[in-house]
Amino acid sequence: MRGGGRRRKLHFSKIYSFTCGKSSMRDEHSQIGGPGYSRVVYCNEPDSFEAHMRNYGDNYVRSTKYTVATFLPKSLFEQFRRVANFYFLVTGTLAFTPLAPFTAVSAIIPLIIVIGATMVKEGIEDWRRKQQDIEVNNRKVNVHYGNGVFDYTAWRNLRVGDIVRVEKDEFFPTDLLLLSSSYDDAICYVETMNLDGETNLKLKQALEVTSFLQEDSKFNDFNAIVKCEDPNANLYSFVGTMEFDKQQFPLSPQQLLLRDSKLRNTDYIYGAVIFTGPDTKVIQNSTAPPSKRSRVEKKMDKIIYFLFCVLFTMAFVGSIYFGIATKDDLNNGIMKRWYLRPDNSRIFFDAKRAPYAAIYHFLTALMLYGYFIPISLYVSIEIVKVLQSIFINQDIHMYYEESDKPAHARTSNLNEELGQVDTILSDKTGTLTCNSMEFIKCSVAGTAYGRGYTEVERAMGRRNGSPLVHQHLSGGDNLKDSTDGKAPIKGFNFKDERVMNGNWVNEPNAEYIQKFFSLLAICHTAIPEVDEATGNISYEAESPDEAAFVIAARELGFEFYKRTQTTISLRELDPVSGKKVERTYSLLNVLEFNSTRKRMSVIVRSEGGKILLLSKGADNVMLERLARNGSDFEEETMEHLNEYADAGLRTLILAYRELDEDEYKEFNQNFIKAKNSVSAERETVIDEVTEKIEKDLILLGATAVEDKLQNGVPDCIDKLAQAGIKIWVLTGDKMETAINIGFACSLLRQGMKQIVITLESPEIKVLEKEGEKEAIATASKGSVLNQINRGKAQLTASSRNPEAFALIIDGKSLAYALEDDVKNLFLNLAIGCASVICCRSSPKQKALVTRLVKSGTGKTTLAIGDGANDVGMLQEADIGVGISGVEGMQAVMSSDIAIAQFQYLERLLLVHGHWCYRRISSMICYFFYKNIAFGFTLFLYEAHTSFSGTPAYNDWFLSLYNVFFSSLPVVAMGVFDQDVSARFCFKFPLLYQEGVQNILFSWRRIFGWMLNGFTTAAIIFFFCTKALAHQAFNSEGKTAGRDILGATMYTCTVWVVNLQMALAISYFTLIQHLFIWGSIALWYIFLLAYGAMSPSLSTTAYKIFIEALAPTPSFWLITIFVPVSGLILFFTYSAVQMRFFPMYHRTIQWIRYEGTSNDPKLCDMVRQRSLRPQTVGFTARLAARANRIKDRHHNRR
Amino acid sequence: MDAKDGASDLTSSTKKKSRRPKYSQFTQQELPACKPILTPAWVILIFVAIGIVFLPIGFASLFASEHVVEIVNHYDRDCVPPNYVDNKLAYIQSSKTNKTCIRRVTIPKQMKSPVYIYYQLDHFYQNHRRYVKSRSDGQLRSKSNEKKTDTCAPERYTANGAIVPCGLVAWSLFNDTYKFSVNNKQLGVSKKDITWKSDPKKKFGSDVYPKNFQSGGLIGGAKLNSSIPLSEQEDLMVWMRTSTLPTFRKLYGKIEADLEADDIVTVTIENNYNTYIFGGNKKLVLSTASWIGGKNCLLGIAYLTVGGLCLFLAISFLLLYLFKPRPLGDTSYLSWNRSAPGGHIY
């Protein structure tokens, strides 16, 4: 037997009051066998004939988009759903008809390259998913092979009916029916964090009839038939019956273990496979992640539509002209342009059918002007984004050493969206805080103990500029640890020499202290684990705060070391003898914690025979249960409680009372009766019984546990606030905790007016007691509306002086505030406030709030969270960021980007986001520029051929423009460009506003670039055609034909677009140099190579460079002159802008260039002058304080 | 603190490969880079540099262009006999009319040999797509491709077989001819080297002879001597390099003798080519060539203009920087400062 021999004798079901209810046949059980309840599972007989008849699927889970067979059609379809790609497909197909102005091959090859590249990328991504699938599907599990022999097999091999054995801390491979566990009463603990994000453990219990199956060998001849519901997505329901030993037993969710949850605190369980693979509840629950596209890309689509309009207009105008010219060619049998033989023409040029010719010309023109739409834009963007995400993944500053987790961009198509975030919606637990609790302070009998500083106190100290700050800033953390001389104990950060090391016996209230800590050591549901080798004891508890209490008790000399079914044993210091004694309390009842009771009690009999009720719970429920005269120091305790809450701590009140024998007997009878009742109101009955005994308590004191903030959270929030990003906190926690954390992260500060919207008002409570649902709803809604309006009024009243407001709203009110007719009001109010905190909000509400902000403000939202309860929010937001620090992967799996710590958000947004936004938006602008510059020359030339559709360039020049001669520098810009380095991004966080306000991708800028393209094209065309007019081209008197003009104009275009790039960027690494100059060089090389091919391939380009262009001075003069004159406009513009109207990043570049970046005064000036008054973060706190002092000075004068 | 959370994970992960990203300047985006910005000094320097380079080039090319002597004679209208002035079409389309026309041209300045003879056509869309494509490069290149005429419509074949060279381009070959004499002394017109060298070498086959050319129902332009291979038909080769724009010149030949100033050159023109119907013009051009080519002052003027402009800009920027400096770090133009003067956006 494995290690748990001692534990196996425990029968927890006896002491737990609520969770271990007996399942009973209910109404729904009668439906079994009917529609929707037709599943039949032959446990332990997966090979039997009947099981085969059922033919349930295997346990293979697929997350890939394509299979080998569907890849080609499906991905092609995906590709051509894009308008631009579809357009190219159409023109590519048309290119095979005589309509084409150029050869079909040259038209279709770029399309094939572009589509091929995208498909390869898709394929690789899907392959990665496949790898992940393989990894999951090949995890090993112990399965029954027959004859009581268990052996390991891969997850995917599991079949319905298999018996598996799952060990502690393993995930369940499928949905299992719990048969038995290492505990005699067949209970087990399950962690469902992956499913619902709840961190506390759930208790599951098998049917009693199967609980004997505790050894492998017992499965030799076990079999049973389970009939149950069909696969569905409801996590909390399960209806079924089990036929065992010719008897029917009802099954409930209590017996079902869900895939992806984890076995905790239990050595092993046996279970029968009920649902496999896609049938499991978690897979049924998983929705396809919404495909998100960034704002920039959506806008890009609009630009493409715009360009389509331009293109169609141009083609239309051309067609009309062409139609007229064609019709004019043949007039009463007289051919005008006889050399075109209009009398004998195919329909495309037929003067007699000129309207048709015009229509056909329209198609030709669409093909020819196709260069307006950059064919390689999409694929270049895809490539760039993949490379950008590699940079994000590789960023060493976003790598978290302790969990060995680098940042991970799971989708690459949102990179630039990271640079535009306007509002961050953050989860609290696990995101801002690390979900680890530390016992830090306590108040016993009116005396406060504990000298540790909390993060909040430090933050407040920082605000007040007390020496504490400097200590902290100069590595206070290390200092703290080193002075201890002891390794820090997880969950324990309590320092007070008055009570530590047994000194508490000398305290005046020693008696209370003893009771206080023994209560902490007794009143819990944790299980001790003794390390055989060292004798050290560790605890497994349902929640981290519970663990923190037991640990605290242990550290202070009340060591809980043994739990049996009926006893709890402590080693404690006897204040009289001064020795450690072992005391055993017999455990009579456990009245568990749940969210309605908000308290937990145990009833024990001490060694002296006294019956004690020990109780701990939230202050509001506990205070009303205290005895009238039992609390001499209630006032002091309350004061301490408030202090603790202010410091951002979680508080609990401890109290106890002695029961006399009769009272207990009566209670126990009622309690047992209530527990064994099978009626639907069982829980209410138990509640009532417990209510009666938990009263007249005697106050002992209060505990304070710190919900630790993650490293660097306040600093990160401050930076983000400086960047002008708004931060909302959406948490499931109660209001007090949320407000505490708000203070801790500087989202709230003193002097900030708090607008609190809550339904915890007396009137509503009264209504709630009466229980009329409709009345409650109307009253609540009215109340919420009222509060919102009042808040709004406050806000407008102070709109003159920018006073900071904070909005705090609880879940109940939120439910009403999110209703359709209220939500805009609510949003208005919320936008007006500097910080918004929504507490007690459900996952659904989180998602709804996110949607409200997203659609209401139209700005980019980023949601960040770590648990499964954040999934909705992550998927709803424009960007979902998952915290990958903790084990639960659900949030990460549904996020777009995963980071290990909240603080990395700063770098992710301010540096990577800013860069990516800048890169992508410049890249798109530039793409349009270069294609217009090229495409418009084609149009201008065609206009000179009476719009007959003659391209100015050789076919291959045309098709390779986008592929070779102009795209590499753009890609390099998209991947590598930086306006300022990461250091300056941090130093001037407001730079981020360039993205939020979308300055770099505004219509003005886009049209500016387009205009630049048109002008450039006009300049190129004008000068080239005029310079190469009819006169002799070289000294041998030869004139320039179409071939020479084409090559010259093309050369100029290549020069101009590449030089333009060199002008536009301000960051030249070797790569930029290589690509820009390389592209130009490549053009000459291509010209040479292509010209050297036989004329049947190179047609008009044959030897054009060697023979005609290179020896001719005027060619070189043109190619020097045209690029310079084409760029002079832009150059002048940017010189003027740089000096007189610089954008923010230019200012920073300037400062860096001048080397004055280390001049704090100047930097401060640039920062301050460009700063909007900041409302959140500790910088704002300092500023607010400075203002107050200034005002005071003023007033004195 | 939370390190111990995953104490067990940690030990197992240290055994595994750490996922720590490797440091390199490349992956951390810290590559050494030059980050030029447009400082006043640079701006002025660049403008001055452009000005300094462009002005001499401008002068040189303008000088070269001015040095070229060019005579343009617009003859199509004047060569129509007076009785046909109202019906030019009848004149040109009739085979009976006398097409010979004599023009006298005075040489304004000495023209050094070689003097290039061009014909210039206006409004002739040699770049029309139908026209441009109506040829068969393969057929021109080699005898074996004689039947390859599918791109040549509508001039593909006659009853006797495929037309060589086929297509509209060849069919509409220019057929005016010029003869020159000075002081009653005949001037020789050389057709040597009027084509690009690659044409006779690679593009027009020496074994390809004209066949069935101009024997269809409609006669287009010039006829070709069917005993001379295409690679020696200079006029055809020049014509077949289609022009850029509807106004173009093509090299007709060279006069390999100096023409002195005030010489009167008598040109005997066979005015055959029909440009009257589409309103085109025909011009005879005599021109010398310099290193920059023919007479076109555009390049020179453009260089001078841009050069001058750059110097002007350089000076204006200099003055601007001197008299209207802007404090460093002035951020008052930033969009968010402009749009929200109070700055209270929340």
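Note that Cβ sites are derived from N, Cα and C of the backbone, with glycine treated the same way.
Note: TrEMBL annotation is automatic and uncurated.
Lifted from TrEMBL, the feature list:
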type	residues	note
DOMAIN	A:41-108	domain 'P-type ATPase N-terminal'
TRANSMEM	A:102-120	transmembrane segment
TRANSMEM	A:303-324	transmembrane segment
TRANSMEM	A:358-379	transmembrane segment
BINDING	A:ASP427, A:THR429, A:ASP866, A:ASP870	Mg(2+) binding site
BINDING	A:ASP427, A:LYS428, A:THR429, A:GLU546, A:PHE593, A:LYS616, A:ARG650, A:THR731, A:GLY732, A:ASP733, A:ARG840, A:LYS846, A:ASN869, A:ASP870	ATP binding site
ACT_SITE	A:ASP427	active site, 4-aspartylphosphate intermediate
DOMAIN	A:892-1142	domain 'P-type ATPase C-terminal'
TRANSMEM	A:927-944	transmembrane segment
TRANSMEM	A:956-976	transmembrane segment
TRANSMEM	A:1006-1028	transmembrane segment
TRANSMEM	A:1048-1067	transmembrane segment
TRANSMEM	A:1074-1093	transmembrane segment
TRANSMEM	A:1113-1136	transmembrane segment
Those binding-site residues, out of A:PHE593, A:ARG650, A:GLY732, A:ARG840, A:ASN869, that come within 10 angstroms of A:ASP427 (Mg(2+) binding site) at the Cα: A:GLY732, A:ASN869
Maximum Cβ pairs under 8 Å to the transmembrane segment (A:1006-1028) - stretch from the list A:102-120, A:303-324, A:358-379, A:927-944, A:956-976: A:927-944
Contact call for the transmembrane segment (A:956-976) against the transmembrane segment (A:102-120), three or more Cβ pairs under 8 Å: yes
Cα-to-Cα gap, A:ARG650 (ATP binding site) vs A:THR429 (Mg(2+) binding site), nearest whole Å: 13
Cβ contacts under 8 Å made by the transmembrane segment (A:102-120) with residues that lie 6+ beyond its boundaries: 75-76, 79, 85, 88-89, 91-92, 95-96, 367-368, 375-376, 378-379, 382-383, 951, 955-956, 958-960, 962-963
Proximal residue to A:ASP866 (Mg(2+) binding site) among binding-site residues A:PHE593, A:GLY732, A:ARG840 (C-alpha distance): A:GLY732
Cβ contacts under 8 Å made by the transmembrane segment (A:1113-1136) with residues that lie 6+ beyond its boundaries: 1012, 1015-1016, 1019-1020, 1023-1024, 1027-1028, 1033-1034, 1044, 1048, 1051-1052, 1055-1056, 1059-1060, 1063
Closest of A:PHE593, A:GLY732, A:ARG840 to A:ASP870 (Mg(2+) binding site), Cα positions, binding-site residues only: A:GLY732
Folded-back contacts onto the transmembrane segment (A:358-379), same chain, C-beta under 8 angstroms, at least six residues removed: 82, 84-85, 87-88, 91, 94-95, 99-102, 107, 110-111, 114-115, 117-118, 300, 304, 307-308, 310-312, 314-316, 318-320, 322-323, 326, 347-348, 924, 927-928, 930-932, 934-936, 938-939, 942, 947-949, 951, 958, 961-963, 967
Closest of A:PHE593, A:GLY732, A:ARG840, A:ASN869 to A:THR429 (Mg(2+) binding site), Cα positions, binding-site residues only: A:GLY732
Taking residues A:ASP427, A:LYS428, A:THR429, A:GLU546, A:PHE593, A:LYS616, A:ARG650, A:THR731, A:GLY732, A:ASP733, A:ARG840, A:LYS846, A:ASN869, A:ASP870, which bind ATP in the record, the widest Cα spacing (Å, whole number): 30
Residue distribution over DSSP helix, strand and coil in the domain 'P-type ATPase N-terminal' (A:41-108): 33 helix, 3 strand, 32 coil
Residue among binding-site residues A:ASP427, A:ASP866, A:ASP870 with least C-beta crowding, 10 angstrom cut-off: A:ASP427
Other CB atoms within 10 A, centred on A:PHE593 (ATP binding site): 21
Number of Cβ atoms other than its own within 10 Å, given for A:ARG650 (ATP binding site): 21
Reduced DSSP assignment, A:ARG650 (ATP binding site): strand
Protein Cβ atoms within 10 Å of A:ARG840 (ATP binding site), excluding its own: 19
A:ASP427 (Mg(2+) binding site): secondary structure state under DSSP, collapsed to three categories: coil
A:ASP866 (Mg(2+) binding site): secondary structure state under DSSP, collapsed to three categories: coil
Around the Cβ of A:ASN869 (ATP binding site), the count of other Cβ atoms that are within 10 Å: 28
